[in-house]
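Quick look at what Swiss-Prot annotates:
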- 121-140: compositional bias 'Basic residues' (COMPBIAS)
- Asp102: 3-methylthioaspartic acid (MOD_RES)
- 1-44: region 'Disordered' (REGION)
- 120-140: region 'Disordered' (REGION)
Amino acid sequence: MPTFNQLVRKGRKTMEKNSQAPALQKGFNSLRKKTTDASAPQKRGVCTAVRTATPKKPNSALRKIARVRLSNGIEVTSYIPGEGHNLQEHSVVLIRGGRVKDLPGTRYHIVRGTLDTAGVAKRRQARSKYGAKRPKEAKK
């Protein structure tokens, strides 16, 4: 434990928190071919592989995931939310931060309803999270 004088001289340093979505913190200067520090809420990328993964214990399922090469050159694993999707290799997608608790290493979500990603069909609740359009009212 430091003495009072040591604290007066040096003070306490605040711990720096590491980002939960580090790939969104980097940009890319294509002229200089260097990464830059440029935070973004989302990033565009191209799917390099679309596959399924099994979750950690005690869960059991086939979670849909995609390996995405971002516009800053970083390749990440991202989760495809919702039921059914139209993604394949070379699809252009938008990713956001947000981990999937039972898939280790999956720290990003694909945004549904933007770029090449279609919204979830026949979705009636929480539509904005899945890029689903408002359904037409039924005729009476």
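Using N, Cα and C of the backbone, Cβ positions are placed for all residues, glycine too.
Counted with DSSP, the compositional bias 'Basic residues' (121-140) comes out as 3 helix, 0 strand, 17 coil.
Residues 70-74, 76, 92-99, 107-108, 111, 115 of the same chain lie 6+ residues outside the region 'Disordered' (1-44) yet bring a C-beta within less than 8 angstroms of a C-beta in it. Sequence-remote contacts of a segment are chain residues at least 6 beyond its ends whose Cβ falls under 8 Å from one of its Cβ atoms, and for the compositional bias 'Basic residues' (121-140) they are 81-82, 84, 111-114. When other Cβ atoms within 10 Å of the Cβ of the residue listed as '3-methylthioaspartic acid' are tallied across all protein chains shown, the result is 16. Summarised by DSSP class, the composition of the region 'Disordered' (1-44) is 11 helix, 11 strand, 22 coil.
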